[in-house]
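See structure below.
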Amino acid sequence: MASLSESEGTNRGRMWELDQNLDQPMDEEASRLKNMYREKKFSSVLLLRLAFQSLGVVFGDLGTSPLYVFYNAFPHGVDDDEDVIGALSLIIYTLTLIPLLKYVFVVLRANDNGQGGTFALYSLLCRHAKISTIPNQHKTDEDLTTYSRQTYEENSVAAKIKRWLEAHAYKRNCLLILVLIGTCTAIGDGILTPAISVLSASGGIKVQNPNTSTDVVVIVAVIILIGLFSMQHYGTDKVGWLFAPIVLLWFILIGSVGALNIHKYNSSVLKAYNPVYIYRYFQRRNSDSWASLGGIMLSITGTEALFADLCHFPVLAIQIAFTLIVFPCLLLAYTGQAAYIISHKDHVADAFYRSIPDSIYWPAFVIATAAAIVASQATISATYSIIKQALALGCFPRVKIVHTSKKFLGQIYIPDINWVLLILCIAVTAGFKNQSQIGNAYGTAVVIVMLVTTFLMVPIMLLVWKSHWILVVTFFVLSLMVEIPYFSACLLKIDQGGWVPLVIATVFFIIMYVWHFCTVKRYEFEMHSKVSMAWILGLGPSLGLVRVPGIGFVYTELASGVPHIFSHFITNLPAIHSVVVFVCVKYLPVYTVPIDERFLVRRIGPKNFHIFRCVARYGYKDLHKKDEDFEKMLFNCILSFLRLESMMEGYSDSDEFSVPEQRTEGSISNAFLIEKTNNNNTMCSNGELSYSSQDSIVPVQSPLIRESSLLRYSSQASHTVSDELEFLNRCRDAGVVHILGNTIVLARRDSGIIKKVAVNYMYAFMRKICRENSVIFNVPHESLLNVGQIYYI
């Protein structure tokens, strides 16, 4: 008995040692992965350096507003000094309440791992509540290192809001429509910002040469715009280092000139810092003061771009840059212009350039033009990013996306959108020819985006931040108190150019909503028509066909179940490949999926069926183009899955081991993420090996574990898996075929006329001109097989 106990203790010790050797590196690797995606701690020197770099990316649009604000506020000139003082007071406190307090210190905190904009807010909400209109997420997606979410107490306000949002489909649709409105209007910003910034900067030519006609200024602006958009395909990686010095020089220029003008012309303008003059302004001008709000509102244009262009700058760096450089320089610039206008009331149309000393006029003109180009570039880049996010979430047709930088994930170029933006920019610039009407259009676009952000921040503060409802109400009310008056003022100028962003936003909204509607309906059709597993198993290992050598990758939008396209394929063809892999490429509401967690692999049916499923997961910032050899990545992942499956089956299927209920986590580097499923299948993702406790090794029944049994099973498993690996390699050598569904979506005959036009004509046209899936997946043309079918929705 003593020897038996000693032997039992020895074997238990060996198994415990094996378990410890597995668990130790798993914890270390899991900790390393988690820390990779947390907000990093920056040193003071690095933080200041990042604050400097953020000037060129984030603040260019906001910084160029002094070029055109006062002219748009007083398009018919100034009669009284008090009007200028009141307008300046409005500018000062608008800059304080919206960019400084609302955005820099509140909204920027709502970034999605460094990503900003309306779709970033939407992705945050999709992770914290089931509001995504395409229900293709799986529980395993929540285990991603970049997938962060909160848990709620049952009776908390956040839990009630979450249940309220999830209760009805119309609420999810209303939220999506709100996001699309903000997105489409932000695209309008990408058209209007280059137009007004470049045209305003080019207007400096006319100040020094009064005989120059307006047409010359417009031609110069158009030439600059053509050059700007023609250079987009090179990206900003090579010239981006110039942006921050240019914008810093710009802020120093406008701040210094502003301080000089205050001292030189009229220091009494400083009384505008008293908010009483806002009340006096509205009291004196009545309806004129309300109409002038549309021009004053331009002082905060670029604020939404500040959030959309957040990129990977830490929030603290942007807060430092804004409070120490941007905000003081803007206040000095506007105050100095006001002092100059009071002394030169007839110069309000060209106040910025006329207030510059003659000795530095042309250097200032060059800096202003360069700053306008930088501001335009930031907005154009933000537009590309917004469209990429919309495409990833199924809200925009598939367009070609070019990655312009190997260092920075977010630097992309979309050729089709680039030329559309160029044409629209030239049309706006040449069509209006003056800053006033373009300014009216610009103000309307900006204030709509701000209102959308305000409404989206309410559920963000409740669900993500778990803020007290009093704070939420305070934020909401204060924001609307400022934004609603500006919005109403912009509505008064719809007939004076304000209709432009509404038309642009409406066109893009129709495109995005129709595409998303048909995408959702097509997904629902595939979900309802997917083939049952019992039918597949009933066909037997041969699937009722001749299994020919080779591998068939069947692409589907379903992350679970056998797609209808597969039954359509095998009922119309007499043969099928020896190995069949269902490939699903899906995008998740996260900004990125690490490459080592991208792929999930699972076996479908018994082993002799040789059917697998592979799910490739991407974030809305990820580019499929970076996976240059997608086919090779899929095949390697399946091979690795088979090795891990054979290893794990030894522990879960052995009579000497049982599986506990609770779950633990860990990881082994250079392995693969696996998760046991109820039908004894396995899921894997390239990079990490993560054990749940269902896979953990715990001796429970036999008091004595013989090493010989372990060695015997290991030998058998090794022999089995080597045969299957060899079989897969032979199939790959025989040939690989990519099977894609070429689906035609049509409206039912009993559908209304609007639905028929949207589906049968608009969606069909967009499907025809957009990129094919075979191009997106880098499928060789000689290996492509399209399977056609018609969906009626």
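Cβ atoms are placed via backbone N, Cα and C, with glycine included.
Note that the structure is a prediction, hence the values are computed from the model and not measured.
Here TrEMBL flags 50-536 as domain 'K+ potassium transporter integral membrane'.
Confidence in the domain 'K+ potassium transporter C-terminal' (549-793), given as mean pLDDT, stands at 68. Residues or ranges marked as domain 'K+ potassium transporter C-terminal' by TrEMBL: 549-793.
TrEMBL lists 42-64 (among others) with the feature transmembrane segment.
Feature annotation from TrEMBL assigns transmembrane segment to 84-105 (among others).
The feature transmembrane segment is assigned by TrEMBL to 173-196 (among others).
Annotation source TrEMBL lists transmembrane segment at 216-234 (among others).
If you look up TrEMBL, you'll see 241-262 (among others) marked as transmembrane segment. With a cut-off of 8 Å between Cβ atoms, the residues of this chain six or more beyond the transmembrane segment (241-262) that come close are 52-57, 59-60, 63-64, 66, 269-270, 325-326, 328-337, 339-340, 355-357, 364, 367-368, 370-371, 374, 377-378.
The transmembrane segment annotation in TrEMBL covers 289-308 (among others).
Here the transmembrane segment (315-340) has Cβ contacts under 8 Å with residues 42, 47-48, 50-52, 54-55, 58-59, 62-63, 65-66, 69-70, 84-85, 87-88, 91-92, 95, 99-100, 104-105, 108-109, 111, 248, 251-252, 254-262, 264-267, 269-270, 272, 299, 306, 347, 351-352, 354-355 of the same chain, all six or more residues outside its ends. Residues or ranges marked as transmembrane segment in TrEMBL: 315-340 (among others).
Counting same-chain residues at least six beyond the ends of the transmembrane segment (360-387), those with a Cβ under 8 angstroms from any Cβ of the stretch are 56-58, 60-61, 63-64, 67, 117-119, 183, 186-187, 189-190, 193-194, 197-198, 200-202, 204-205, 208, 224-225, 228-229, 232, 236, 243, 246-247, 249-250, 253, 257, 302, 305, 308-309, 352-353, 396, 399, 410-414, 417-418, 421, 621. If you look up TrEMBL, you'll see 360-387 (among others) marked as transmembrane segment.
Annotation comment: TrEMBL describes 408-430 (among others) as transmembrane segment.
Residues annotated as transmembrane segment in TrEMBL: 442-462 (among others).
Annotation comment: TrEMBL describes 532-555 (among others) as transmembrane segment.
Annotation source TrEMBL lists transmembrane segment at 575-593 (among others).
Outside the transmembrane segment (532-555), and at least 6 residues removed from its termini, the chain residues within Cβ reach (under 8 Å) are 561-563, 565-567, 569-570, 573-585, 604-606, 608-611, 631, 634-635, 728, 730-732, 734-741, 773, 777. By the Cβ criterion (distance under 8 Å, sequence gap of 6 or more), the transmembrane segment (408-430) is not counted as touching the transmembrane segment (42-64), fewer than 3 such pairs being found.
Using the rule of three or more Cβ pairs under 8 Å, pairs at least 6 apart in sequence, the transmembrane segment (84-105) is in contact with the transmembrane segment (289-308). Within the same chain, residues 72, 98, 106-107, 110, 118, 121-122, 124-125, 129, 157-158, 161, 165, 178-179, 181-182, 185-186, 188-189, 192-193, 196, 294-295, 297-298, 300-301, 303-304, 307, 469, 471-472, 475-476, 479-480, 483-484, 486-487, 489-491, 493-494, 498, 500-502, 505 sit at least 6 positions outside the transmembrane segment (442-462) and bring their C-beta atoms closer than 8 Å to a C-beta of that stretch. Long-range neighbours of the transmembrane segment (216-234) within the same chain, counting only residues 6 or more positions beyond its ends whose Cβ lies under 8 Å from a Cβ of the stretch, are 194-195, 198-199, 202-203, 205-206, 369, 373, 376-377, 380, 402, 404, 413, 415, 418-419, 421-422, 425-426, 429-430, 433.
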